[in-house]
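As recorded in TrEMBL, the features of this protein are as follows:
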{"type": "TRANSMEM", "residues": "26-50", "note": "transmembrane segment"}
{"type": "TRANSMEM", "residues": "56-80", "note": "transmembrane segment"}
{"type": "TRANSMEM", "residues": "92-113", "note": "transmembrane segment"}
{"type": "TRANSMEM", "residues": "133-154", "note": "transmembrane segment"}
{"type": "TRANSMEM", "residues": "166-185", "note": "transmembrane segment"}
{"type": "TRANSMEM", "residues": "191-213", "note": "transmembrane segment"}
{"type": "TRANSMEM", "residues": "240-264", "note": "transmembrane segment"}
{"type": "TRANSMEM", "residues": "284-305", "note": "transmembrane segment"}
{"type": "TRANSMEM", "residues": "317-341", "note": "transmembrane segment"}
{"type": "TRANSMEM", "residues": "353-370", "note": "transmembrane segment"}
{"type": "TRANSMEM", "residues": "391-422", "note": "transmembrane segment"}
Amino acid sequence: MSQTAAPVSPYRDIARIAVPVSLEMVFQLALGFVDQVIVGVLGALAIASVGFANSITFIFVLVLSTLGSGAAILVARAHGAGSYSHVSRTSGAALVIGVLAALLVSLPIAVVAAPFLRAVGATPDIAAAGLQYFQISILALPLVVVGAVASGTLRSLGHPRTPMTVTLLAVLINTLFAWLLVFGVGPFPELGLVGAGWATLIAQAFKAAVLLVQLYGPRGLVRWALPLGYPEWRETSRKLLSLTAPLTVTELFWTVGTFLYTVFFTRLGVQELAGSQIVNALEGIFVVGSFGLMSAAMTLIGQAVGQGNAALARARAALILRMGLLTGVGFGLAYVATALFLPRFYPQVGQEVLTVAVWGILINGAFQAVKVRNMILGAGVLPSGGDGRGVILGDVISAFVVGLPAAYLLGFVLGFGAWGVFWARILEELAKVAIFTVRARKLRWEAVVSSPQALAEAA
């Protein structure tokens, strides 16, 4: 009697991608958290300076890393359709375009870093303390982009554990070198904040190199290939950029909005800025516990679109959103619990900084499920359904019409200070989830899978 293999559970399909990706992002955020804890020994100004520098670098990292997201969607579609030559051309083109774009951004900014920091709102003491750290961090940008594209390609090919493992090793390397170089252990020089920057650069170089070897090396997962001739370059780039452009625009608006909140905290004072950076560093670790669901949406919905299966795409989107609610609530409660341990993590920052951080954690933790839903819809479901316009609309309106005006009103005009800015960010998330949810309900997956663009991208 022949036996039919049991169908794979959809939860297992999602977990196979989501768990390694979430762990990878937790490790990645832990890298920044470790830096913050180590430099926190140097005082509140050190935390504020590193946090301000990272908030700028974060803009360019997320904007350029959208090439990895766009490549992941196209690779998932091509993989679902069995077109492996398209996988090779897409990943190769994304790497070349990403590195060139990162160099065009990072080199000029590194040269004029001092006036640049002052121009974007750094106070003189923060700009002076964080200058060299910022220069080193921005020069690591091409390596970060390589890691993003390679990681996205590996996940879409069904190898999400590889980026997770490599990222864990990179975090360990970063931690070791940060300790050695910040404090000058043994034969290593005592570099202070600059040592944390060099540790991050070393870790990102390691991560990029190992991921490229995993992708193009002996495992033979992808053949190194670039589009041949101008017509093929134009077509491959068009497909990549048509998906990447909406993601780039929305990440640009989102990160600029996030940076403007940092400027508000800067204007409130060093203590408020340091407290907000502690909130952001810890929140990132717990929010990205659900990050893998976004990648799962990108990969699994993309594969369903490549297979022409509208019902499967719709079902996967709904299931991933339900799982996001559960993880958002669970990790939100865990995030709130970290408020109890702040004095142990940051013994040198002072009570005022800790008070700001505790209230920020409580406010943000209560609404983490909303942030997770926005993450899945805005970076997974809507782009996979071809609604890049809805993502841009949600990000622009929520940040620049709701959140930032509310932050100025609550934080400065009404005098609520840091607490007002924290609540304004929650109002932004609530406005965003309303817009994204309406747009998601309007998606017609039958039209998505049968569109000429989707069919061409899978070919």
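Start at 1 and count along the chain as shown; that gives each residue its number.
Placed from the backbone N, Cα and C atoms, the Cβ positions cover glycine too.
Values in this document were obtained by computation on a predicted structure and should not be read as measured data.
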Considering only Cβ pairs under 8 Å, which range in 26-50, 133-154, 191-213, 240-264, 284-305 makes the most contacts with the transmembrane segment (166-185)?
191-213
Folded-back contacts onto the transmembrane segment (191-213), same chain, C-beta under 8 angstroms, at least six residues removed:
31, 35, 38-39, 42, 46, 49-50, 129-130, 132-137, 139-140, 143-144, 146-147, 150-151, 154, 162-163, 166-167, 169-171, 173-178, 180-184
Contact set, same chain, for the transmembrane segment (391-422): CB under 8 Å, 6 or more residues outside the stretch:
246-247, 249-250, 253-254, 257, 260-261, 264-265, 267-268, 272, 275-276, 279, 356, 359-360, 363-364, 374, 378-379, 382-383, 428-429, 431-432, 435-436, 439
